[in-house]
Structure formats: structure tokens, C-alpha cells
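Features of the protein shown, as given by TrEMBL:
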REGION    1-23  region 'Disordered'
TRANSMEM  59-76  transmembrane segment
TRANSMEM  88-107  transmembrane segment
TRANSMEM  119-143  transmembrane segment
TRANSMEM  177-196  transmembrane segment
TRANSMEM  202-222  transmembrane segment
TRANSMEM  243-262  transmembrane segment
TRANSMEM  278-301  transmembrane segment
């Protein structure tokens, strides 16, 4: 009897990939591409999160360092001007910047830091902002001579409002409601503090208002000058050390000229305060803190913006 043909329902053998229908290969390739794209987006998201974390951490660290140096500088300046009855604010500023420049060149000579060469092109770009820098330091020192620290701190809040408004018009920065509420509270505190200030000094307030205007101008122009100055360097970069060296070096001839103009040199030669070793110790310490505040202020401004910096 002849055998019957097989009638089983087993599936046909799988074909190799090269013999599979083109539609199946296209679907497989499509899903693979989608999977790769999804993984790529996830990796990019993780990278952005890490970058955002680093930026926020740098902003917090630079802000905390700047606040610490700023508070220390105010207290030390007040100690020198009031504690030693120093009547030579310009010479005091000159000595602070001289100490800062000496420290930078010492660190550079030891190979710990590198700075950009001070070319005429770089100096010409930086000089206008340096004029504001010198005016800001002098007005701050002079206002400290006539005002107490608490009132001076409150009055500094006026510079915050000027900076925020300038940030809007110059850099098109939009501030949210929380920023304006904070600024409003600062202004109210300045007004209330002024009304209760028993040791009112018209000269002190005039110097402090001048300082607020110069501080806001310095903050707003510094960020733009930093970007322009980078393009004028040989390396295409401008470190905080180079910027601090620029600021303090250019301020030395200005400070020295003003000291002679206002007869402070004659005053110092006849004053007994310059024979005090403690005076020189504290004054030199302010030079170290002045270097730190210059470095941290530029670091903080680079990590944030003019309004946040103020």
C-alpha cells in the first residue's frame, strides 16, 4: 500500500536574514534607529543635568566666597579708617592694590598661576572699566569714613536696583516678580534705615550714593568688557588672575597721582599712624582680602549675571 503524503502543520524553516522579506528588515531597522535615538536623548539629558548641577554648584560656591570676602573687607577697612584715624583713603587704596599685584606676580614667578601679557590693546579695552573700579573703591572708602557699617550696608542696596534696571536695558534681561519684590524690600529697608540713622552725615551719604552709581556701572560694564577683552588676548581666554592683575595694575598710577594731588603723601610723612606695626599688619591683610574679593567677584559674575551678582 502506498504511503500517504505528509499533512503536518509545522512552520516552514526560517530563512536567513539575507532572504527575509524587505519589509521585515525595514521594520527591524526602524525600531533599532528609534531605540538608538531614545538612548541618545537620554544620554544628552543626563549630560545636561550634570552640566546644570555643575553650573549651579559653581554659582553657589562663587557667591558664598564673594560674600565672605566682601564682609571681611568692609570690617577691615572700617578698622583701619576709624580705628587708626587714617585720613588718607586714596593712599590706603593704592597700598591695597599694590599688595594684590605683588601677590599675583609672586605666584606667577613660582609657577602656580599664569596670566596674559599686558598688551596695549588689552589695556586700552580694560582702562575705561578700571576708571570706574578706582572710583568705586575710593567712594566706598570715603563713605566708610563718615558712616557706620550697618547704614552703609543698607544703602548699598540702592546699587542693586540700579543694576537690575541697567541689566534690563543693556542686556535685555527679564526679571521675575520675586526679584522685583526683593528689590522693593531692599529699598524700603534703606529708607527705614535712613530715617532712624542718628549719626546722619551729608558727606557720607553723598559718597555712598556716588558709590552706588559707580558700583552699578562697574557691574554692568565689567561683564561686557570681559567678553571683549578675551578676543584681544593671544590665547583667546582671560582668566580671573589676568583680570585681577589688569584691574589692580592699572589702578596704581591713578592712585599714586591722586595721592599727590590731594596732598596725602605729606600727611602720611607727618602722621604717627605709619609708625604703628599693627597698622601695617592690618593694611597688608586688607591687600590679601582685596585680592580675594577681586577674584571672587569676577568668578561670581562669570557664573551668574549682573543682577544676581549685586
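Cβ coordinates come from backbone N, Cα and C, glycine included.
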With Cβ-Cβ distances below 8 Å as the criterion, list the same-chain residues six or more beyond the ends of the transmembrane segment (278-301) that contact it, or say none.
59, 62-63, 65-66, 69-70, 72-73, 76-77, 79-80, 84, 86, 92, 95-100, 103-104, 219, 222-223, 226, 240-241, 243-244, 247-248, 309
Per the definition of 3+ C-beta pairs under 8 A with sequence separation of 6 or more, do the transmembrane segment (88-107) and the transmembrane segment (243-262) touch?
yes
Under an 8 Å Cβ to Cβ limit, what residues of the same chain, 6 or more beyond the ends of the transmembrane segment (202-222), are close to it?
128-129, 132-133, 135-136, 139-140, 142-143, 145-147, 152, 155-156, 158-159, 162-163, 166-167, 170, 194, 298, 301, 306, 309-310
By Cβ distance under 8 Å, which residues at least 6 away from the ends of the transmembrane segment (243-262) in the same chain are close to it?
88, 90-91, 93-94, 97-98, 100-101, 104, 115, 118, 122-123, 126-127, 130-131, 133-134, 137-138, 226, 229, 290-291, 294-295, 298
